Amino acid sequence: MIVEMSQISKSFSGNQVLKNVSFTLEKGEIHALMGENGAGKSTLMKILTGIYPRDEGVVRVKGKEVAYTHPKDAEKDGIAVIHQELNILPELSVAENLFLGNEYTVGKTGWLKTKKMNEYAEQQLAELGLKVKASDRAGALSVGKQQLIEIAKALMTNADIIIMDEPTAALTDREIDTLFTVIRGLQEKGVTFVYISHRMEEIFSLCQRITVLRDGNYVSTKVIAETSFDEIVKLMVGRELGGRYPDHDLEPGAVKLAVKNVSRKNEFESVTFEVREGEIFGIAGLMGAGRSEVVESIFGYRHLHSGTIEIDQKPVVFKRPVDAIENGIAFVPEDRKTKGLIVNFSVRDNLSITNLATVSSGNMMSSTKEQALYQELVKKLGVRTSGPHQKAKSLSGGNQQKVVIAKWLGMKPKVLILDEPTRGVDVGAKKEIYTIMNELAKQGVAIIMVSSELPEIIGMSTRVAVMFEGKLMKVLDRNELSEETIMHYATGGDKHVHQ
């Protein structure tokens, strides 16, 4: 074993987050680490990499017992971490990012050997199949290319154990394929990977073993070839979840929202579709297809350059989000932490912000009404909090997303737009969010769901609009849905608009 962690325990302020957890890595394997948010995955890896000291237990790396006190100690033993939020300095060049802290200099003068650094950087990146100029500004590259730069940086420190945290969360399908090719190529050279992800399909196609944690406890380690999706889900949540998606028994009614020939220069062109009350209308497409731009324009985040929007067959103009809100449209954005929540505010305050009329008496906010709204919405959506004053930033990803959805339900929306509703959310919370969406649709809410996960699009949608390069290629009925059909149109198949 290249890594052995035995009986690891860790507490913070009396709260035990790891309880006698064991974890092993075989040389040259890709080992998935899974568990719901809050299961202890990140804490365990932070102990391995020297960010946190362990309270109890033993860590052995390459046969020797270690007690790292700093990430640099782990780096010396060949351990590197590639975080979900990449450590790229966008204004520096590609080479400067690769050599940061280890620059080639002329003696002790501090002058950089820029040419030598650039040549070596391009050589290292070429070995990963990435052809970029080392002098290019790193921030101008796609997230997928930035991720390969992070891998190259790890290899330049002679890392042979690489920990990857949600590496594909912001990548296109093509970038994911490239990343997997690189990972498999490095595996053949003996590099070992810990792969942390909620995406079950990726784990089953890439990894050899999987370790599951639950509530800070070690649950099981399985050989991928000898287990199943359902078994892993049960290990993660401690119960049978049933089907991944709710039974599809929705009965759409009258047209609630009509989008007619809407365009925005350089983003999308002549997009037309209708959404009925009581349906979940999916919008699929590859990254850059214009999906988020369309729904943000419907909500008034972006100004339309042409086209019309109708609510209940009446034309409306949204110059800003408040106009959309006043017309009964709610929006759960792709980035919940910057656009959906005020993370330093309490859960109760976040719920009150969009429901000021409900929680006010005259011109003053009523603490009693705020508490009543908090209790109603938290119960309705099953938000797990320590209390109304818990900061939103300390919630798990799934509970943060439930708060973002909950804050809109007080206004009883006619239309609910969800952009990547389960991104970064564990499998148990996904199931709960799907159930919430289904119940809202049954109550007559017209739901628009943008998602990059094709199983989610197919499992949840009544109909699906597929976009490619700013154009709506096709609206598919539920009985037409398949991954192959969606990808056909998402990659430009039949390059003309279908309705």
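Using N, Cα and C of the backbone, Cβ positions are placed for all residues, glycine too.
Sequence annotations record features per position, and here Swiss-Prot assigns domain 'ABC transporter 1' to 3-240.
Residues or ranges marked as ATP binding site by Swiss-Prot: GLY35, GLU36, ASN37, GLY38, ALA39, GLY40, LYS41, SER42. Taking a C-beta cut-off of under 8 angstroms and a sequence separation of 6 or more, ALA39 (ATP binding site) has the following same-chain neighbours: LEU213, ARG214, ASP215, GLY216, MET236, ASP426. DSSP assigns ALA39 (ATP binding site) to coil, not to a helix or a strand.
According to Swiss-Prot, the feature domain 'ABC transporter 2' maps to 250-494, an assignment based on sequence analysis.
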Summarise the model confidence on the domain 'ABC transporter 2' (250-494) as a single mean pLDDT, whole number.
91
Suppose we draw a 10 Å sphere around the Cβ of LYS41 (ATP binding site). How many other Cβ atoms does it contain, all chains included?
23
Just to be sure I understand the packing, how many Cβ atoms besides its own are within 10 Å of the Cβ of GLU36 (ATP binding site)?
24
Restricting to the same chain and to sequence separations of six or more, state which residues have a Cβ under 8 Å from that of GLY35 (ATP binding site).
LYS41, VAL212, LEU213, ARG214, VAL219, MET236, ASP426
Counting all other Cβ atoms within 10 Å across every protein chain shown, which of the binding-site residues GLY38, GLY40 scores highest?
GLY40
